[in-house]
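Visitor: Swiss-Prot lists these features:
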BINDING   LEU127, THR128, PHE165, PRO166, SER167, ASP168, ASP249, HIS252, TYR274, TRP304, ASN332  pyridoxal 5'-phosphate binding site
MOD_RES   LYS275  N6-(pyridoxal phosphate)lysine
Amino acid sequence: MHLARELGVNLADQRLAQALDEADPLAHLRQEFSIPQMKDIKQADLKLVEAESDCIYLCGNSLGLMPKRTRTIVNEELDTWATGGVTGHFPDGPGKRPWVSIDETVTDKCARVVGALPEEVAIMNTLTVNLHLLMVSLAHTMARQVPFYRPTSDRFKILVEAKAFPSDHFAVLSQLRMHGHDESALIEVKPREGEHNIREEDLLAILEEQGDSIATVLVGGVHYYTGQFFDLQRLCAAAHNKGCTFGVDLAHAVGNVPLQLHDWDIDFACWCTYKYLNSGPGGIAGAFIHKKHEGTSRPYLQGWWGVQLNERFRMDHDASFMPGVRGLQLSNPGVLQTVALLGSLEIYEQTDMASLRAKSLKLTAYLEQLMQALVNEEGHAPRFEIITPTDPERRGCQLSILFKVDIDAAFEALEKRGVVCDVRRPDVMRIAPVPLYNTFTDVYRFVTTLRDALNASASS
């Protein structure tokens, strides 16, 4: 980094991390979040760490930290419930956010994060529920009205990336079985022998060879295990060229990497909000259907929350449904879950995805360089390797570390030193410096702590 040269320090000098933090235009956003302290981490050994110092939290790819304002916002809704009961649903009730339209407090804000038109987004359910709804929803595709997955005798396969998140795998298999197909109709694109990431040209080749028999392509925007960020616009165009519907699981992409779902012509997408969008454990999810499907779309499965807002409480069986994805809403969303998401999205409104991405690229590059220096340390055979793509444009903030030594011993040693990250079996540790609240000093502390942990686990 050029700043290291300007300061006359090497990459491993803590002064570089401090200087990078001082120059960070988004540094103030950290104060918006509750950062657990060492004394709060049950696994931390307080003989090894300072009890009152912040823990090293690098697990926003699993669960984002709590925005401080979320407690206030949630308590406001509890107060509305306590003082108004059912009247909290209506504009003349005691609350400032009528529950009858509570999802509208977050829909537009979330649409900006994913690069969609407001009417293309619905906040509802959980990710896998939304995936099922989207796969059976009707849409006008290739000049015929079909669901995003309704197989025919000629076109019935589903193309996914190998080692997709298990819930996606289960959902897709169950869709196949529901339509009378078995696992042979599931095409999984795998990395080449000896590689960890999928070559997009291999996926494109499968599309070219088998596209006429593929009904739906479903990929994870950012792969949960390796951290690979797919070129969604390129893959979507190739899928459409072969007459396939293209959908995306954005669980590890939303709030992490820049997205332009509308401009990229994505057919459908779904995401959770408890990772980079910091809505809390089990938080409400999001769904997207491109506006091009709106004119000829009709919800395949329906519920009362998909009815036009001005008709919703008329309880009329002849009610008209909202167009597009909002017509897929089945039941009223949990108010507390919805406003928990609002707390985080208000912080996103203090910046933009371009600024967050710029910081993220620097944070993860700094982590990568420090980790690579640790790999190359004299006196040690390489104890791990980074399996996330080295191209910054093909990854988000996460680096996935494949351990060549005992990962359990290393992880336990990290926990004792107040590091919060996660392990995905059999031997990968995921490290995610989140630009909203992580610092360059967090990254520096992690790598120096990892060195200590590796040495401690090796000697134990």
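Our numbering is plain: 1 for the first residue shown, then up by one each step along the chain.
Positions of Cβ are set from backbone N, Cα and C atoms, glycine also.
Each of the listed features needs to be described in terms of its position in the shown structure.
Guide: PHE165 (pyridoxal 5'-phosphate binding site) falls within neither a helix nor a strand when secondary structure is assigned with DSSP, and so counts as coil. When Cβ atoms from all protein chains are considered, those within 10 Å of PHE165 (pyridoxal 5'-phosphate binding site) total 18, not counting its own.
Neighbour count (other Cβ atoms within 10 Å of the Cβ, all protein chains): 25 for LYS275 (N6-(pyridoxal phosphate)lysine).
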Visitor: List, in sequence order, the same-chain residues at least six positions removed whose CB sits under 8 Å from that of ASP249 (pyridoxal 5'-phosphate binding site)?
Guide: LEU127, LEU131, ALA164, PHE165, ASP168, LEU218, VAL219, GLY220, GLY221, ALA269, CYS270, TRP271
Visitor: Give the sequence-ordered list of residues that share a chain with TYR274 (pyridoxal 5'-phosphate binding site), lie 6 or more positions from it, and have CB atoms under 8 Å from its CB.
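Guide: Long-range Cβ contacts: LEU63, GLY64, GLY280, PRO281, GLY282, GLY283.
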Visitor: What does DSSP assign ASP249 (pyridoxal 5'-phosphate binding site), in three states?
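Guide: Going by the DSSP assignment, ASP249 (pyridoxal 5'-phosphate binding site) falls within a strand, counted as strand.
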Visitor: Let me know the DSSP-derived helix, strand or coil state of LEU127 (pyridoxal 5'-phosphate binding site), please.
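Guide: Its secondary structure by DSSP: helix.
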Visitor: Whole-number Å only: compute the distance from the Cα of ASN332 (pyridoxal 5'-phosphate binding site) to the Cα of LYS275 (N6-(pyridoxal phosphate)lysine).
Guide: 23
